[in-house]
Structure formats: C-alpha cells, structure tokens
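Structure first, commentary second.
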Amino acid sequence: MEEDFLLVYGGRVKPVRATPSSLKMLDVGKWPIFSLCSEEELQLVRQACVFGSAGNEVLYTTVNDEIFVLGTNCCGCLGLGDVQSTIEPRRLDSLSGKKIACLSYGSGPHVVLATTEGEVFTWGHNAYSQLGNGTTNHGLVPCHISTNLSNKQVIEVACGSYHSLVLTSDGEVFAWGYNNSGQVGSGSTANQPIPRRVTGCLQNKTVVNIACGQMCSMAVVDTGEVYVWGYNGNGQLGLGSGGNQPTPCRIAALQGIRVQRVACGYAHTLVLTDEGQVYAWGANSYGQLGTGNKSNQSYPTPVIVEKDRIIEIAACHSAHTSAAKTQGGHVYMWGQCRGQSVTLPHLTHFSSTDDVFACFATPAVTWRLLSVEPDDHLTVAESLKREFDNPNTADLKFLVDGKYIYAHKVLLKIRCEHFRSSLEGNEDEIVEMSEFSYPVYRAFLEYLYTDSISLSPEEAVGLLDLATFYRENRLKKLCQQTIKQGICEENAIALLSAAVKYDAQDLEEFCFRFCVNHLTVVTQTSGFAEMDHDLLKNFISKASRVGAFKN
C-alpha cells in the first residue's frame, strides 16, 4: 500500500508520495542531530553526511533527489546563503537537480561535493582559500569549481582541516587551500587559491584513492604504492622521519605490500592491503593505532584485529577514532571512544563502521557519505538476475550431481561462446554435466546472468578450472579475486599450485608474494612438504631472487 506524507519544511507543507520499495531506510537514528527529524522525514533519507566541530550540521538527500540541510550553520556551511542556524530541515535549492556522488568537509567547516556528473561544488569556511574559488571570503552558497577541472570528471573528494583534494576519473589529483606544512603538495608553503594538479612523484601515476588528515594528504596508486605529503610532526606520513614533505613521497616501508585503501584520522593513518591486513602509523596518544600502547609510530605497523580478513577501514580527520570491518561482518573499534582510550581493536555489536562514529567518535560525525540505493525500479540486469534457475520461464535444464539447474538457451548463447556453438540446433531440454560439481557449474551459470560470483574461495578454484576450460577470461579474473580473499598460510601452496596449473598469472603473483611474506609458517605446512618438485624448484629460485632467504 502506498502512503502519502505531508512534510513541513520551513513553514511550507510538502506532500511526498513514497512507494513501499522506495522506503528502504538509511539508518541515521544513531546520530544525535537526526533526533530533530520526524520518523516520516527519516524514512525518506537516502544519503547523509553529519559534520561540524560538534556534529551539529547535517546535509541529506531524499528519495526524490532533493537536498536538505539542518544545524548550526557555522560560517555558512549549510550553503543556504546566510549564517542563520536552523532547527528544521531547509531545502538547498541552489543544488536542485544535482545528484551527489561523494562529499567531504573540513574543520571550519568547509564542504566539498562532487556530483554524479563529476562536477565539484564548494561552500563554507574559506579563510585559507580551501574552497578553491580564488578568494578568502566565506562561501554562503555552493560555488561550482571549474578552474583546471573543466574537462575533468571528479570521482572522489577529501578534505583536511583547511585544504581540499579531488581525484579525477583519469587518476589525477588536484589540491588547494591551506599549505603551511606542504599539504597541497606544490613544493612550497604558500596557500593555493585554485585547484592545482599534484605532480612530482605522481606525475605519471594513476591514483585510485585519496585521503586527508588534518594537515597531510595521501594517495594510493593502482600499483598499490602509497604517496604522502604535508605535516609529519606525529609521524603520520609513515616515512620514519619527523620532517614535513612539500611534495608527494612514496612510503618505502610498504615495499612489496599492495595497499588498496587509505584512511586518515586527526594525525594518524590506516591502510588496508589486498591481503586484508591493516597497517597504522602516526599519533597514538589515544591508542588509535591499535598497537596496545600509546607510543607514536613513524613507520607502518601491523594492526592485529583477528584471523578474519579485513574488508573496510574507517577514520576521520576530525577524530582520533579507528574502526574496521571483517569479511565475516564483525566491526572493531579502537582509539578515542567516548573519552576512553582503547589501545587494542575492540569487538563491537555493530554491523557497520558508521555506527562506531555515530556512537563513540568525538564529535559524532560521519566518516564517509552514508548512502542507500532506492530499489523501486528493476533494470534489465536485475530482471535477468531474477530469472536465473527459474523453472517457470526456463527452456533448458542442466542435470549436475542429480540436481537440476534451470536456464534459458537464448541468454546462454548471447553470453557465452561455448554455448553459442554447443546449443546451436540443439533441441534437447536436458543437458547432463559430469565434468564439474553442482556448486561450481551452478556458480558458472549464475555468473552468466549476474556478472558476479558467490562461491567460497575453496570452491572458486573449481570455477577457475571451468573458466580456463571455457576460455571465460573475465570469469577467470573474478575467480582469482575470490580465491585471494581466502588465502592463509595453510592453503597458500595449494592455491599457488592451482594458479600455475590454470595459468592464472595475477593469482600466481599474489600467492607467491603471500608465501614470501609468510615464509616461516608456510614452509612448515603439509602443503609445502608435499609440493610438486618442479613447482618447489621454481618457487625457491624465484624466492631467492627477491631476497627471501637473506638473514
């Protein structure tokens, strides 16, 4: 049943029609600022960002793509054209029709927002030119920033205290604002009034992720290296020295480790590797490094969370709090947690790292733009997903291990070269399959409908065999990604062997690096003892070339 809501915004009565499917809620109730909103208003929230020195400002979008703001409006950071605080949500009409892709905020606060079209808008505090519009006047309304970005599509934004970074779709980083410690990366300490491309060591690199601490900047490139610049008084650059860096510098201590994501706290840094491990460095007066003590670290230090793989790290430049989520769904927190110093990762009852910042960070702010996608419309891809293994519409059955899998001939022929030839002129309604197991073959057919796989890392080895046999190269890549997530010391040699057998070069390199990084334990496993002679010979030769056996 559909419901009509009458919402009152700034004295205006506004009817909103919401269907049950679009009422998929974003859970924002844990943030105190949202207690100002009614239940009806909360049900329409689709994206949200809580910010400000006390967590007293919020920007959110609704299911019908309107943007509302609420709170104290320090320095005009709500973008309404004035500095009046508002205890009721007010619509941000100047961004009407714009859809938010990502958003970040500084300490002033200032706000940097990128739209789904790749445009950049900024507003709020501007004493240090952090809005990038060439002035130092506070911006009371969103300003479109196009200088040096006019032909660029921005896909990620990050704010330090008073400086701003953006990442473009072609892997370039632009920076502007406060530069007293070199955090803009220009080589000087003069403030930067307009966007300037960060070059130096990043000149020919493709950046995939950016982050800012209070006065420092970080970039992860597609090879897994991390480049850092700016303030280093607490060792937050991870370079082993206390000197500031006015231009990007690679963290040499992470040599051989592939980083996927970086997150910055007030003066500490976290990175997540492709093996699901976390390293931390920088300030540690609240235990935010998770090392069990409160000593600062100027080099990357492993954070021991649990045996499970970490899939998400969280930190925010306005807080000394750290959080992480494991593949099994466990959420841990450490650092400054509601006034307490938690020096080791603490298992929480939360299901999201966002909840850690809502309930335990000081101030209670969001570390990223919260988002939930509406699901009131089925795309072609979603419709196809629903038809997989549907006996009511299928015209073909596969019999595998005594069980049926239902499929559609026309889709299989469109999606797979093997089926295009094998099903041509074939009138059979049942195909028996004995070469592969039921879980593996079902996952293969499901992939043809969904473009994704849902298998355990162990079963994905069998699917890798199938993908190699059918020459499905994209499926082969997905299998390798899944297998990587399940690697451990006990199975590393078996996975390395499978990678060699099926000519999965990316997986082979990953397994080899894992074995070298965990050499002592790996060489004591039964898998190593039973290793194929030729594989052992090649492994020892390759490992010696990278210095694995040096004292």
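Every residue, even glycine, has its Cβ placed from backbone N, Cα and C.
Automated prediction, rather than curation, is the source of TrEMBL annotations.
Model, not experiment: these values are computed from the prediction.
According to TrEMBL, the feature domain 'BTB' maps to 394-457. Confidence annotation: the domain 'BTB' (394-457) carries a mean pLDDT of 92 in the model.
Annotation source TrEMBL lists repeat 'RCC1' at 118-170 (among others).
Residues or ranges marked as repeat 'RCC1' by TrEMBL: 171-223 (among others).
Annotated repeat 'RCC1' per TrEMBL: 224-275 (among others), in sequence order. The repeat 'RCC1' (224-275): residue composition by secondary structure is 3 helix, 23 strand, 26 coil, according to DSSP.
Per TrEMBL, the feature repeat 'RCC1' maps to 276-327 (among others). Per DSSP, the secondary structure of the repeat 'RCC1' (276-327) breaks down as 0 helix, 23 strand, 29 coil.
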- [ ] Taking helix as H, G and I and strand as E and B in DSSP, count the residues of the repeat 'RCC1' (171-223) in helix, strand and coil.
- [x] 3 helix, 23 strand, 27 coil
Task: Number of helical, extended and coil residues in the repeat 'RCC1' (118-170), per DSSP - done: 0 helix, 23 strand, 30 coil
